[in-house]
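The block underneath contains the structure these notes are about, expressed in structure tokens.
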Amino acid sequence: MSAICVLFGVLCSGTIHGQERTVLTLEKNWKFHKGDVENATSTSFDDSKWETVTVPHDWAIKGPFDKEIDKQTVAIVQNGEEVATEKTGRTGALPYIGIGWYRNQFAIPNFDSEKKVILLFEGAMSEPEIFLNGQKIGSWNYGYSYFYFDITEHIRANQKNILAVKLTNRELSSRWYPGAGLYRNVRVITKNKESIDQWGTFITTPFITSDLAKVNIKTKVSGENLKMVTTIKDADGNTVAVDSTQAIFGDAFEQNIAVNNPRLWSPETPYLYSATSQLYVEDILKDEISTRFGIRKIKYEAEKGFSLNDSVIKFKGVCLHHDLGPIGTAVNTSALRRQLQILKDMGANAIRSAHNMPSLEQLELCDEMGFMFLAESFDEWAKPKVDNGYHRYFESDAEKDIVNLVQATRNHPSIVMWSSGNEVPDQWGSDGAKRAKWLQDIFHREDPTRPVTVGMDQVQATMASGFGAVLDIPGLNYRVNLYEDAYKAFPQGMILGSETASTVSSRGIYKFPVVEAKMKMYDDLQSSSYDLEACSWSNIPDEDFVLQDDKPWVIGEFVWTGFDYLGEPTPYDTKWPSRSSYFGINDLAGLPKDRFYLYRSRWNTKEETLHMLPHWNWEGREGEITPVFVYTNYDSAELFVNGKSMGIQRKSMNSPTARYRLMWMDVKYEPGTIKVVAFDAEGNPVAEKETHTAGTPYKLVLEADRTQLSADGKDLAFVTVSVVDKNGVPCPSATNQLKFKVKGAGSYKAAANGDATSLEMFHLPTMKLFSGKLVVLVQPDESPGNITLEVSGKGLKTAKINLTSYNKL
Ligand code: GAL
């Protein structure tokens, strides 16, 4: 096997093992060509001149940005627009449109008539057409789906098999940057004819007490005279139960296995068990797979809401698109893990995959790190939002896309709810409710344990048509003023904030005067970080907090969005060069905006939050009103400007903002120091923070999220670069052009500064600071060693940081 791994791919080290099956992940030595090519499917085709790439791969992320790419002249009806306008940057202005070809080779050692081979794609953007050894194997339309083909008949024994994949991305097919190419893993699974079916295992935990859990395992298999032996192991690998059965029902075994004193899965205690399923014929082991699962109980009850393991909790969630900022859509576990670490620190407990299937890597991390998950399937049903959207396939493909979503992911304890759609225009008209029911029934058939929601924005229409009443869980996108009406009109006795806020801001940018505003635009194409600006259809976070806190029947919220993403630069979607969103709680580089601390002050109940804004470098604003906001979990605080008290502010019920923020609205700017002192409930000073006016940029400071990395060619260190003055005070408006150099056992991967208007390319080793900061991504090679990142800028002291990569961390 190892020779094959080295030559043609990498053996998967994930959840699947055993000699009876091999999983070859096709990562390296892919050949890629942008544009259509004749005969690219042929086994004799010469692809030596094509670019060599590693998969997962996003062919468009290296740009360049171009305002003409997928320029959409449309009226976005769901945003209330009536007149078409020219939208540049709606899908990120990156070159994802067009055809792309990938080719690779692999061999199946010792292939014989007893073997079965499966070719699995965990996502391919988009409309993949698959060819093996010159023959068309099949195709799939939806770029977000996981899908597979049985390629046994097409395999050439003991010689190379030539795989060719054609992908087609059309204009007007998306509302955000979808990426392009084989952006998720491709695997070749070889097993015996007698084996466990692909995604054939379904583990549920229907009975749980503190002494005992019953684990129900259904396993679909192929073959005759079979025996299934299942071993359940705890997180330390100790066997806790073994069960053997020959009783097969149709094509599936069903086992109920007792686990004593079960340790329950929750966001605070993400405890995972594993089930090893061994399939025998007589006493010969034919197949073996291992599946991780959690033991946990979920319940949704009218008036009471959602409970996990019998405790009522609310979703403190964020919506996420799938791109990872500067590295685009090519799935990367380190980048996903970093996102989740940031969200964990904020106190978030849930993620919604907007508006499509999540990566399997993200689900695994959510299982491990403790996040609940709302897994979504579609942004369109039969009625279009964009001309070439999913509606083209809805009738023919919706069922199989949902089946694959559920079957591939249903063993993840993190998933606690499905969503069949987001703001589908089918909310209007009588057919919509029927479609909602049809889709929901498919989810129920495939997984009877989790409810289904739809993110609804046309709330009045769904109240009138019965659409909302059909759903297991009515999800409202925005429309805070309609929660009460919807709760009364719908029969479920609960409302989910399936999408909330859509507040817009640019990290470190503050605008005056400080007032609440909708669709506010400024000449620099940035939005204010006083966190008072939202869209015409949306609202500031505080208005959601009121509903979450005051209404027991509101079961939580999913904020739009946890991180900025490429495309959808509202409110600047007609203003070039805006090319990425302003909605993120964190920017495109993953750096927290002020809003991060507003959510943290409410969501992270274990740690102190005391955060002051704006920065205090306002040359030219001397004597002018420059309000100061504090986001904190304390109820009151006193503000000082250069030692002078500006008075004590206390949270109050006077308005949503007064309830969740401390605001000193009349402060006049003078350079120096602002200081906030927070008080506990008894009025004792317990914490303080200061912000100083910075001098001129002097030196660079580097801080890595991790300095110890895996020498696997995939891991990433995220190094935050800031510029400080002579006294070490951060310079909040610095925009210095920086250069990056990586030496040793790694390379420069990308950089991002969070500026939604920047046209600098992420993969080039130079970028400007934005609001005094940016982030550099460094990737280790496959051999371990020391890595040094050096960052320099004109007139600034150069900075270095050392990282180390290891064979096994
Ligand atoms: C919602 C939509 C999201 C995003 C958001 C921006 O209506 O579901 O995909 O467009 O608005 O506010």
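A Cβ is built for glycine as well, from the same backbone N, Cα and C atoms used for every other residue.
The annotation domain 'Glycosyl hydrolases family 2 sugar binding' is assigned in TrEMBL to 26-173. Feature annotation from TrEMBL assigns domain 'Glycoside hydrolase family 2 immunoglobulin-like beta-sandwich' to 201-296. Annotation source TrEMBL lists domain 'Glycoside hydrolase family 2 catalytic' at 304-510. If you look up TrEMBL, you'll see 623-687 marked as domain 'DUF4982'. Under the heading domain 'Glycoside hydrolase family 2', TrEMBL lists 700-801.
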The domain 'DUF4982' (623-687) - residue tally per DSSP class, helix then strand then coil: 5 helix, 33 strand, 27 coil
Answer key: the stretch among 26-173, 304-510, 700-801 with most Cβ pairs under 8 A to the domain 'Glycoside hydrolase family 2 immunoglobulin-like beta-sandwich' (201-296) is 304-510
Secondary structure split (DSSP) over the domain 'Glycoside hydrolase family 2 immunoglobulin-like beta-sandwich' (201-296) reads 0 helix, 66 strand, 30 coil
Secondary structure tally of the domain 'Glycosyl hydrolases family 2 sugar binding' (26-173) (DSSP, helix then strand then coil): 6 helix, 53 strand, 89 coil
Which residue counts does DSSP give the domain 'Glycoside hydrolase family 2' (700-801) for helix, strand and coil? 0 helix, 57 strand, 45 coil
